[in-house]
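Taken straight from TrEMBL:
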DOMAIN    3-127  domain 'Dihydrodipicolinate reductase N-terminal'
BINDING   Lys37  NADP(+) binding site
DOMAIN    130-264  domain 'Dihydrodipicolinate reductase C-terminal'
ACT_SITE  His154  active site, proton donor/acceptor
BINDING   His155, Gly164, Thr165  (S)-2,3,4,5-tetrahydrodipicolinate binding site
ACT_SITE  Lys158  active site, proton donor
Amino acid sequence: MTINIIVAGPRGKMGSEAINMINKEENFRLIACIDRKNGGKSLEDIENQPALNIPVFEDVEACFESVNADVFIDLTIPEVGFLHTLAAIKHNIRPVVGTSGFTSEQISELTALAKEKNIGAIIAPNFAIGAVLMMKFSQMAAKYFPDIEIIEKHHDNKLDAPSGTAIKTAELIRESRSIKKQGHPNERETINGARGAEFDGMRIHSVRLPGLVAHQEVIFGSKGQLLTIKHDSFNRGSFMEGIKFSIEKVMDLDELVYGLENIL
Ligand SMILES: NC(=O)C1=CN([C@@H]2O[C@H](COP(=O)(O)OP(=O)(O)OC[C@H]3O[C@@H](n4cnc5c(N)ncnc54)[C@H](OP(=O)(O)O)[C@@H]3O)[C@@H](O)[C@H]2O)C=CC1
Ligand SMILES: O=C(O)C1=N[C@H](C(=O)O)C[C@H](O)C1
């Protein structure tokens with residue numbers, strides 16, 4: 001069966017890599033793109049993209065009404081990605097969302113809408129299988145080591161902090177860790193933010209530097225020992241297996257799944 005796909009964010013680092021992956025798969029067919037700068041032009045006019053000769057829309061509604069798609073992939077920015085995803089579900093097009101930075105309220109709203117429409121959807125904070133394992137291993141370790149610092153490191157073009165992966169890691173850890181406020185009860189910051197963001201008593205630190213792609217370590221401290229669980233994405237190819245898997249999997253779902261750990 002051929003799966004007809006729309007991609008939003010085709011000029012982006014992830015969008016362009018995803019298009020290359022889609023074009024290599026026999027059962028995937030890219031049928032349109034959503035792009036804020038190149039609406040109305042053919043994708044062949046877009047820099048760094050092969051000549052695909054498919055329609056490119058600026059307006060999401062116009063796109064969803066004009067083409068007959070099975071799956072919509074969003075790799076843009078949180079504000080726009082949320083509206084795109086909402087529109088996709090309303091049009092019965094299954095979303096696969098990589099865009100990070102959605103609030104938990106937005107995820108709940110999308111979950112409720114997908115349930116109402118009985119349609120599959122996937123929001124994946126991280127498509128790299130190694131990162132999903134890193135999160136699950138961290139969840140397991142947190143049962144025994146409740147003192148945890150999450151350090152995520154990304155390229156300096158990243159808009160959201162902390163990363164979607166760090167938030168998802170903290171959410172998974174919360175399910176297995178006994179409630180604990182870490183550090184000294186009287187600790188105080190002499191410079192704001194020195195101890196990082198607080199999540200359920202844990203700390204999350206966001207590093208942004210040129211040269212980085214996407215990296216995270218979760219450090220567990222205990223008497224006389226440290227456990228570090230670490231994952232590195234050195235390039236965006238690391239996310240493509242997860243996107244490919246999600247495009248196929250979302251066709252069989254009838255609800256929204258938040259996190260690949262729930263379906264791998
Ligand atoms: N889940 C996962 O595994 C991964 C998720 N991500 C997430 O994917 C998203 C994209 O990342 P990345 O490709 O690195 O980012 P880029 O900045 O390279 O690409 C973002 C794309 O979105 C487009 N865009 C921005 N604003 C709008 C708008 N208002 N309407 C339509 N399109 C818009 C940009 O166009 P323009 O050039 O005009 O701004 C650009 O093409 C991020 O949220 C990131 O966190 C990234 C890697 C892995
Ligand atoms: O912006 C990125 O690059 C990435 N974003 C996702 C996140 O916020 O966790 C996934 C990955 O870390 C790369």
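Glycine too: its Cβ is placed from the backbone N, Cα and C atoms.
Where TrEMBL records a feature, it is marked here on the structure.
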residue : record                                          : Cβ contacts under 8 Å, 6 or more apart
Lys37   : NADP(+) binding site                            : Arg11
His154  : active site, proton donor/acceptor              : Ser163, Ser206, Val207, Arg208, Leu212, Val213, Ala214, His215
His155  : (S)-2,3,4,5-tetrahydrodipicolinate binding site : Arg208, Leu209, Pro210, Gly211, Leu212, Val213, Ala214
Lys158  : active site, proton donor                       : Arg208
Gly164  : (S)-2,3,4,5-tetrahydrodipicolinate binding site : Ser100, Gly101, Phe102, Pro125, Asn126
Thr165  : (S)-2,3,4,5-tetrahydrodipicolinate binding site : Ser100, Pro125, Asn126, Ala131, Met135, Glu152, Ala214, Gln216
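In the three-state DSSP reading, His154 (active site, proton donor/acceptor) counts as strand. Candidate recorded positions: Lys37, Lys158, Gly164, Thr165. Those with a Cβ under 6 Å from ligand 2, in sequence order, are Lys158, Gly164, Thr165. With a cut-off of under 6 Å between the Cβ and any atom of ligand 1, the recorded positions Lys37, His154, Thr165 reduce to Lys37. When secondary structure is read from DSSP and collapsed to three states, the residue listed as 'NADP(+) binding site' falls in the coil class. Neighbours of the (S)-2,3,4,5-tetrahydrodipicolinate site: apart from His155, Gly164, Thr165, residues of the same chain with C-beta atoms within 8 angstroms of the site's C-beta centroid are Ser100, Pro125, Asn126, Glu152, His154, Lys158, Asp160, Ser163, Ala166, Ala214, Gln216.
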